[in-house]
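Working notes for the structure below.
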Amino acid sequence: MDAASVLDQYVQDLANLPSEVAHILEEVRDKDLKFYETRKRIQQRDNQIHKFIRANGSLAENPKEQAAYPKIRQDFQTAMELQDEKCTLAAQALTLVAKHVKKLNDDIDKLDAEGLLGGAPPQKPISANRSRATSSATPAPEPPSRNYTRDRANSRRGGSPAASRSSTPGTRPPKKRATDKNNEAASMSKESSVGASEQLRNMPETVAVGSLDAAIRAGPGEDDEVLYCFCQQPSFGEMVACDNDDCQYEWFHYDCVGLAEPPQGVWFCPSCSKGRKGDKKKR
């Protein structure tokens, strides 16, 4: 016994199942029609009795009433029998289908017990913090250094501010609290403990979906697992740096902060801008 032979046999066994079920349902339909005809006769006889009472009063004797009662009782009995037969046919159809399902489950259990179903594990849904099992031949571009970006922004303040936020990032941004290998590992561990699910739960639904779509389009980034942005994912696609030196996240994916192009001039992330509303008004 192997999986292929079990599948082939199961398909053959199911060949006649549609026609068998259709035949049972046709019988149910036929009994349905008989039931409605029987109920219609009962209603007609009952209407005749009530019509006579409305015309002659309830004390007047109806010569046809006594003859109608046995027929009404007989029709009720017929209707109940038809309903029971319909239930029996429905149970037959259920048993017929359940028999094939049980046979398939039994065969699957046998194959599993013999170790013949040891295929690849099921795919898991995309997770924000999971390690990427595949590496990209062309790694995703990374955000430029914060200082490099600010220097360019200051030097070109009189020209095009958008040039300070290049859509083709260069070197990897340094983490402020990770100056060496040990500190970097500790920082990553601390950020991971926060949990991507908690961060995404606090984000608007449209932002979270946009961030995930952007990650899928960009593909896997570098081998490091340094996390950025509200979504706490590695760098991918286009990213922008917050101009607040004390920003908790530093770098942000465009989709996560609702950007479609490089921002003009000084830019603060949503978290930092809340505390700098007064400064913005002065500027």
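Quick reminder: no glycine exception, Cβ is built from N, Cα and C everywhere.
Marked as region 'Disordered' by Swiss-Prot: 115-201. If you look up Swiss-Prot, you'll see 127-139, 156-170 marked as compositional bias 'Low complexity'. What Swiss-Prot records for 184-200 is compositional bias 'Polar residues'. What Swiss-Prot lists as site 'Histone H3K4me3 binding' is Tyr228, Met239, Asp243, Trp251, and the listing cites similarity to another entry. Residues or ranges marked as Zn(2+) 2 binding site by Swiss-Prot on the basis of similarity to another entry: Cys242, Cys247, Cys269, Cys272.
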Distance check against Asp243 (site 'Histone H3K4me3 binding') for the recorded positions Tyr228, Cys269, Cys272, keeping those with Cα within 10 Å: Cys269, Cys272
Spatial neighbour of Cys269 (Zn(2+) 2 binding site) that is closest, considering only the recorded sites Tyr228, Met239, Trp251 and their CA atoms: Trp251
Cα within 10 Å of Tyr228 (site 'Histone H3K4me3 binding') - qualifying recorded positions among Cys242, Cys247, Trp251, Cys272: Trp251
DSSP-derived structure type at Cys247 (Zn(2+) 2 binding site), helix or strand or else coil: coil
Among Met239, Cys242, Cys247, Cys269, the one of these recorded positions whose Cβ has the fewest neighbouring Cβ atoms within 10 Å: Cys247
Cys242, Cys247, Cys269, Cys272 excluded, remaining Cβ within 8 Å of their centroid (Zn(2+) 2): Asp243, Asn244, Gln248, Tyr249, Glu250, Phe252, Phe268, Pro270, Ser271, Ser273
Listed recorded positions among Cys247, Trp251, Cys272 whose Cα sits within 10 Å of Met239 (site 'Histone H3K4me3 binding'): Trp251
